[in-house]
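Record features, source Swiss-Prot:
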{"type": "BINDING", "residues": "LYS19, THR178, ASP179, THR220, GLY221, GLY222, MET223, ALA224, THR225, LYS226", "note": "ATP binding site"}
{"type": "BINDING", "residues": "SER59, ASP146, ASN158", "note": "substrate binding site"}
{"type": "DOMAIN", "residues": "285-363", "note": "domain 'PUA'"}
Amino acid sequence: MTERECRLALSQARRLVIKVGTSTLTHKTGKLNLGRMERLVRELVDQVNAGRQVVLVTSGAVGAGMGRLGLKEKPRTLPEKQAAAAVGQGLLMHMYEKFFSDYGLLVAQVLLTRADLADRSRYLNSRHTLAALLRLGVVPIVNENDTVAVEEIRVGDNDTLSALVAGLVDADILFLLTDTGGLFTANPVTSDDAVLLPCVTEITPEIEALAGGAGSTWSTGGMATKIQAARLATSFGIPVVIASGLQAGQIEAVLKGEEIGTIFLPREHRAHTRKRWLAYAPAVQGQIQVDAGAARAICKNGKSLLPGGVIAVDGDFDQGAIVSIVDPAGKEIARGMANYPAAAISRIKGRKTGEIGEILGYKDYDEIVHRDNLIVLG
């Protein structure tokens, strides 16, 4: 699909996930920018009134809490961050509920951590709950549960969370609204030569190098985390648009097919929900390194991983474990469920499928990781 075809197809999008960052929602003081919040709500209400379903992933709890608590700098300790999040989350939801109710819409607070999505049963429950809210005409407002999460209070987590939520609800598009108008060839704030990239067909190392550093004083993200979120969402088959959260009408313009922001084109085929869950899985239990041919077969041709393509195994994992598949350079290209334990894979790596039984004394599968239990990330 070309950029133009993809942009025109967005007019048919019916389920939207919109992520808005701290730098868009707050003043430089850290206090909530109520004018921007109200404008954003009006734009989302317009989309609901047009027959679309909207999920809002919002940052800003820590920043809002800092503003209310009078903190001038980011908290340095985890308890301080969580205290700021606890104060700020209440402020955020109070204002969202007020603004949406002015237009007759109900909102629901949904606080998630990766652990909620890593467990298969909790993942399905989250999926069903969000689907029920959308059927009832409620706008789910999602944030990370910063008050109790430990690992999740880190740079860019809500960018990643928005991509995971987009996969969770089977969104038609993910919007990442930020304080820049998209991905540029240089920092548009400091460089007059910066040029907006209207379309990214593949996230290459060169694209990643354009990301620059972290975000503003109050935010925890930056362009790098947005690119990683785009990588994840597009691997699900969901297009991603990075656009300005400071300018009015960006969402509507994108949905009309206008060339606004930077669009990341999705993979042609949408990943099955089971495959998507693999991306939510807890920390992988091992790593399998493959040769260039196997990497190409997995990424380009959608093939299973066979023993002949394996060059190294790291970790002591059992059959059924979630493993990371990396290319010869060590870059993760896929994630999947291993059909054999690590010790067995080490013995059959580089060998032909027909030799598995002779080497191991048994042969349960032809593949190390079957394509039905594998999601391509790179």
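Just so it is clear, glycine is given a Cβ too, placed from its N, Cα and C backbone atoms.
Shown here: features listed in Swiss-Prot, placed on the structure.
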residue	record	Cβ neighbours (10 Å)
LYS19	ATP binding site	30
SER59	substrate binding site	31
ASP146	substrate binding site	26
ASN158	substrate binding site	28
ASP179	ATP binding site	15
MET223	ATP binding site	25
THR225	ATP binding site	24
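Per DSSP, the domain 'PUA' (285-363) is made up of 28 helix, 22 strand, 29 coil. For the binding-site residues SER59, ASP146, ASN158, a Cα to Cα distance of within 10 angstroms from THR225 (ATP binding site) holds for ASN158. ASP146 (substrate binding site) sits 16 Å from LYS19 (ATP binding site), counting Cα to Cα. Here the candidates are the binding-site residues LYS19, ASP179, MET223, and by Cα distance the one nearest ASN158 (substrate binding site) turns out to be LYS19. In the three-state DSSP classification, ASP146 (substrate binding site) falls within coil. With respect to their backbone Cα atoms, SER59 (substrate binding site) and LYS19 (ATP binding site) stand 8 Å from each other. Reduced to three states, the DSSP call for LYS19 (ATP binding site) is strand.
A coil conformation is recorded for SER59 (substrate binding site) in the three-state DSSP classification, outside any helix or strand. In this structure, THR225 (ATP binding site) is part of a helix by DSSP.
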